[in-house]
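**Q** Copying in the features that Swiss-Prot gives for the protein in this structure:
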ACT_SITE  Cys36  active site
Amino acid sequence: MESIYDFVVQKNNGESYKLEQYKGDVMLIVNTASECGFTPQFEGLQKLYDEYKDQRFIILGFPCNQFGGQEPGSGEEAAQNCKINYGVTFPIHEKVDVKGDNQHPLFHFLTNAAKGMINEKIKWNFTKFLIDREGNVIKRFSPQKKPEQIKTEIEKLL
């Protein structure tokens, strides 16, 4: 069976790397958009990151333009927007598709690994996947779930 650590992702500068560099970390993987009603969640996500990063907690943002065309720019533009408007310092990657024919393999894995949670395709921006230190998908959160509402779930894994 494949592991989350086998996946290769692209930074917003086009450089590729394997997720195995986060082995032993608690990860929160989020599909993001700069022009979405949920975009203010970047502020809450950054607060979570600031609070827990010293305990080996990482947030990985993956911009996506599949929902309402709310991420029209490049991954680099998305990252700049996040930094300028919300002070985001966690990694924002290159744009990906999170569903459909061109679905990024990581999001295929996440969606399937979340069986029994919400085993269905991602329906909107800011769907969040919580991964434990061993690489298991522990929980999937809907876009409506605000970052501060998932603190307890994160703390259980730290």
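Glycine is no exception: its Cβ is also placed from the backbone N, Cα and C atoms.
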**Q** Do any residues at least six apart in sequence from Cys36 (active site), in the same chain, have a Cβ closer than 8 Å to its Cβ, and if so which, in order?
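**A** The answer is Phe67, Gly68, Gln70, Glu71, Trp124, Asn125, Phe126.
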**Q** Per DSSP, to which secondary structure element type does Cys36 (active site) belong, with helix, strand and coil as the options?
**A** coil
